[in-house]
Structures are given as C-alpha cells and as structure tokens.
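Input: one structure, supplied below.
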C-alpha cells in the first residue's frame, strides 16, 4: 500500500529580476492517514511554499506530490486549505460560505436536504450555528477562523492544510480554537498539515513536528515525533517532563541550530510573477 | 411626563449637532451664494441687459411654470375639440372612423427636461450594458486587456462634439423606417451619450475585477469553481464598489455630454432650450437660461444621489461610507 501523502524531493524556483530564486530544495516527507503534522521554521523559510505546493497553488519545479498514489495536479477540494486570514467571502454569510464549498463538492451526491444538514453539521462542529446568518464583518476574528475551518472540513478533504490558522488571533482565542481543533481531530481523524511558528502549538497538536532550515534552498532540518497521550490537556502538559523536553528540542533547533540572523536589507520572498496590471482610470 | 433630564440633554445635543451640520451650514452656504450672486449679477451688463440675479431667475421660473400649465390646458382643449368633432361626424354617419391627430404645440421647459432625462437614461443604460460585461472580460483576461487597452485609451478622451456629426450621419443613413419607433434625434443624442460615457464604467470595472484579493482567488481555485460561479460569486461582488464608482462617473459625464449634444444638434431637450433662448435674445432670455443652468445642475445632483442609493442597496458592505 502506498503512503497516504508522499511529498517527494520537491524543489521550487521562482523567477525574479535577478535570476531564479530557489526557495525549496529537495523536501521529502511521507505522511500517514490521520496523522497531524506541523511545519515549523523561521519566517521566510518556505513553510507556506510547501503547503501551497501540496495544495496545488504552486507547481514544484522538481519532484512532486503523490496523494494515495496519484500525482497531485492543481488545487482541489480533496486538499482543503484553511487560510491564515480566514479568506471568507465578505458578501456571504457563514452559512453561505460553507454552502459554496458544499455545493461545489457534493452537488451530485447529496440532496438539498442532505446538503443543508451537512452545512449545519459542520458549523456545529466549530460551534458556529448561532452565527450561521451573520456575515464575516459581523463576527469576531476567532469566529471567522472557525467558519473557515468549517468550510474546509465540509469539503471532506483527504488532507486538511492549515496555513498558520491561529496566527492572527489573540492568545486566549487561539488556545480555545486549538482545543476545538483537537476535539474535531479526535472525531474525524483527518490528515492535517499545519504551518505554525508557535512552538507550544506545534507540540500540543502534532504527532510529528517537521522543522525547516532557513531559506534560500530551505529543506527539512529535523523531524520530531511527539509521543504524548491523547487527549492532551494543555494545563496537565505544562509540567509534563516529556512535553517540556519536546518543547526544548524544537526551541533548540530554532534558536541555536537555525538561528536566524536577519539581513540588514530584508530579502523579500519571491512570488511567482503575477500580472499586476493597473489600468489607469 | 417624567423623562430623565440627562437623556433630554443628550438628545438635544444630538439634534443640535445634526441640524447644525446637516441643515444650518448648508443653508448658510446657499444663502451666502445667493447674496454674492445678487450683488455680482447687478454689476455685469450685457447687450441683453443685466446678468440675471436670483430675483429675475425666480420670476422666470414662475413664468416657465405658467407657460407649461397654459400649454397643457391648450393641449387638453385641442384633444377635446377633436373628439367633439369626430363624435359629431359619427352621429351623422355611423361608418365614419375618426383619426386623432397629435398636438403639435411647442415643447415647454418641462417637456424638454423630460426628453433629456429619458435620453440620458437610455444612453447611460446602453453604455452600462456594453461597459460592464466588457470590463469584466478585460479585467479577467490580461490578453484581452492588452489587445483593447490602446483602443480604449484613444477613444476615452474624445469630446462629444467630435462624435456628434459622425453619429448623426450614421443614424440618418442606417435608421430608415416609415414608422420609426424612435426619432432620429433621440437616437443621435443617445448614441453620442453612450460613446462618451461608457469609459469610466469600463475602466473601473476592469480594475475592480483585476484587483480581486489573491486569497479569494485561491479559495476559488481550491474549490475548483466553474467560470460562471467564479465570476458571479467572487469576481463581481468584489468589483462592485469600483464598478459603482465608474457608473457614477459615467452618469455624470452622460448628463454633461447630453446637454452639449442637444445644443449642438438642435435635438429636443434642455440643451435645445438653452440654445433657443440664446438665439431668441429677448430680455427674458438670460434669466431663462439661468433657470435651465440651475435645473441641469439640480438634476445632475439627483441622478448622482439615485446612483448612490442603488449602490447602497446593492453593496454588501453596509458599513462602507458612501459619499
């Protein structure tokens, strides 16, 4: 049986004005079904790029992604993404945002009634049924992120990709959502790849933590298996020697082995060329 | 009644703030303008007498209203006479089928306003029907944009006066019908308005469509939305604010262009009214032209407000400050 998700020797180069820029060099990672994997590293190390390649939003220059033995080409709902800044459509209510995804994925397989129940079920999972008819500008940042997660879960993805899902939230809301995520994960047993730069979040949520070296030509530095009993309780873990040790290992990697010396002139992360056309009015 | 004094005080303050800002200050501005106008006007002498001040303009307004009422009475009487005549003929000869002839009196000031209004709305409507879909296409596809941009940039600054002769000739050559649904002058004015006013809507729609947030585009890609759903659910809603900016600019231009076109082409409407009064050259003419000027401004203002109301209604972002 092939690996569930196989990231195989992925490299990517972006064309820039000064020639091509190699952001990732030969990233390889095998992920089992139901595994929760965190990608951690300093900003600009290419964590998001890895996620975007798995999502199909970027094309790898070399190597490729296999999902259940099939090569990944282009984005699709079986690899749902929870974006860092929720990315809900501001003109649709929470319900309609989830509905857009559900209609797209289950148009042919579910009846209207079933789709409605499925939307409500997913809003229920993230405890957002009370705000089903509210638009994003009427709910808080944490609630928006919840709806974003509901939208992703509603696609019934094989792999759930989360790009710093709680990065923009305050500490309390973040802790709350992490707990919710663990709860959902317990029930659904999704395969998750999450990007984070929060060490506690990584240790608390993950089965494995993938630590990335600094770019350019970033790659996987170390992989740490987190062997802690689930369900995990953040308070109990705070003094758990194993937890403290895992945490120390990640911190050591980030702040000793891969200490980031910020260059004086910040090197901007190169993006694929977009046509930024501005028609002058 | 025992209302807590505090709430009365705060309410009073609110009412005062509201009325000072929204009523008193504008009123003051208008008053100052009217005063300056009165003083300034009496110092400007022309061959047709003094420049019309507010008082003269008010008198002319009244006389225009009176003319309109008289004209309507005449018209009613005209039709009444016809009907009586036909009825009398039919009484003698039951097989007689009478034909009602249209009243051919001179259009009044208010008839001209009405003509101008529906011409501008027709021209603007046609322009929007062309510009919005085309703008969406241009915004979505950079190749279409590159192909059409030079053409747009060249035609955008063309004055209505340059278009008018061409449009007139084309309309008279190609719109030949014994029983025309529209008059040629209406079509000429309308097409001129369309040609001149479509550009802001076209360009702003294109810019709005091209500027959809990248994250939302990614959402669309991950969901594999079809082209139609993508445009309807993601592109158009996010382009709506800029689209309306364009529509409001277009409507403003449409109104200005129309008056100029009517004046030059002698097509019915407010522009013709102004020109006729100018040619007439009576002592009342300047006052009447000034009435028309104010009316043109006021209608332009109302048109813009109407667009704003539609924007408020259509826009999903009710918190957006629109002015």
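Using the three backbone atoms N, Cα and C, a Cβ is placed for every residue, glycine included.
Where the annotation comes from TrEMBL, it is an automatic prediction and has not been curated.
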Can you say which of B:91-115, B:116-140, B:216-240 is given as transmembrane segment in TrEMBL?
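Based on what TrEMBL states, transmembrane segment spans B:116-140.
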Given the ranges B:285-303, B:304-322, which one is assigned the annotation transmembrane segment in TrEMBL?
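When B:285-303, B:304-322 are checked in TrEMBL, transmembrane segment belongs to B:285-303.
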For which of the residue intervals B:189-210, B:255-276 does TrEMBL record transmembrane segment?
B:189-210
